[in-house]
Amino acid sequence: MSTALINSLTYYLSEHPYIVGFRWSNSQSWGSTWSFLFTSISLYIAVSSSLHILLSAVLRRNRSVPLGHIPEIHSLLMSILSATIFAGILLSAAAEIRDTRWLWRRSKTATPLQWLLCFPLGTRPSGRVFFWSYAFYLTRFLHMFRTIFAVLRRRRLAVSQLFCNSVMAFTSFLWLEFSQSYQILAILSTTLVYSVVYGYRFWTGFGLPGSAFPSFVVNCQLVLVGCNLVSHAGVLTMHLFKGGCNGIGAWGLNSVLNGAILLLFLNFYVRMHSPMRRRINNTSPELDLQANVTLKN
């Protein structure tokens with residue numbers, strides 16, 4: 001029974017004809033145009049800002065809009081989607097390594113880790129791993145609803161929150177548009193943490209006991225930042241000494257954007273652990289998962 005279940009999951013997550021035959025293109029992939037990307041980001045900023053201004057003018061100070069358990073249901077959905085994408089891209093990467101390893105001799109790629117860090121030049125956005133990269137890109141727009149929840153619940157809207165969510169969608173788009181290297185490891189690490197953190201938010205949202213660690217979400221982000229800084233060095237080394245990595249220009253642009261967000265995260269982390277901040281009762285971090293963008297490069 002367990003073997004049949006595993007085989008069935010493997011088929012539907014990595015061997016289904018639609019997944020194997022996926023191709024990122026304007027005609028076949030919804031949301032794959034530059035106009036859609038910029039329109040969506042502009043609409044997100046406009047709606048969030050307008051809602052914030054409207055509620056600030058209409059509602060009394062510190063009064064929130066009741067949302068019931070909608071944010072918790074959203075967290076559960078994001079946790080399930082993240083876990084599914086994690087499993088899907090993990091199985092798909094293993095399948096791609098199995099099926100294409102014989103081609104690596106042409107690109108100086110010797111090990112699976114080198115392939116995960118550095119796609120060979122000429123890689124096109126098609127096949128298993130790019131299907132799950134596309135799924136991850138679409139979930140960035142679902143993640144934006146957390147901004148709406150924050151405005152409705154606390155009537156707070158930070159520019160850094162808008163910037164971070166916009167960058168998350170933009171960089172995910174670049175991964176697909178330019179077949180950018182390193183995206184598999186980035187998606188694996190991000191979805192692993194998202195599944196845990198969103199599950200944690202769903203758990204605590206219903207009043208169930210939380211972690212014994214006071215800053216669970218931020219600590220998860222910090223671990224991700226450290227891991228991805230190390231991986232950056234690997235990508236750059238592969239590009240310089242192994243004949244080049246595909247999509248390195250997009251990787252460079254992402255690195256600049258994520259460097260700015262890394263500074264926002266470090267500033268937030270330092271302020272959160274300052275002596276004055278320690279006197280305040282433990283609350284949910286305002287930046288939510290925004291600092292997680294530091295691994296989109």
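Using N, Cα and C of the backbone, Cβ positions are placed for all residues, glycine too.
With a cut-off of 8 Å between Cβ atoms, the residues of this chain six or more beyond the transmembrane segment (34-55) that come close are 65, 141, 144, 147-148, 151-152, 155-157, 162, 165-166, 169-170, 173. The transmembrane segment annotation in TrEMBL covers 34-55 (among others).
Same-chain residues lying 6+ beyond the ends of the transmembrane segment (76-95) with a Cβ under 8 Å from its Cβ atoms: 9-10, 13-15, 19, 116, 127-129, 131-133, 135-136, 139, 142-143, 184, 187-188, 190-192, 194-196, 198-199, 202. Among the features that TrEMBL reports, transmembrane segment is placed at 76-95 (among others).
The annotation transmembrane segment is assigned in TrEMBL to 129-145 (among others). The list of residues near the transmembrane segment (129-145) in space but at least 6 beyond its ends in sequence, with Cβ under 8 angstroms from a Cβ of it, reads 18-19, 22-24, 29, 31, 40, 44, 74, 77-78, 81-82, 85, 88-89, 92-93, 96, 165, 168-169, 172-173, 175-176, 179, 183-184, 187, 190-191, 289.
As annotated by TrEMBL, transmembrane segment applies to 157-176 (among others).
What TrEMBL records for 182-200 (among others) is transmembrane segment.
According to TrEMBL, the feature transmembrane segment maps to 212-236 (among others).
Positions annotated as transmembrane segment by TrEMBL: 248-270 (among others).
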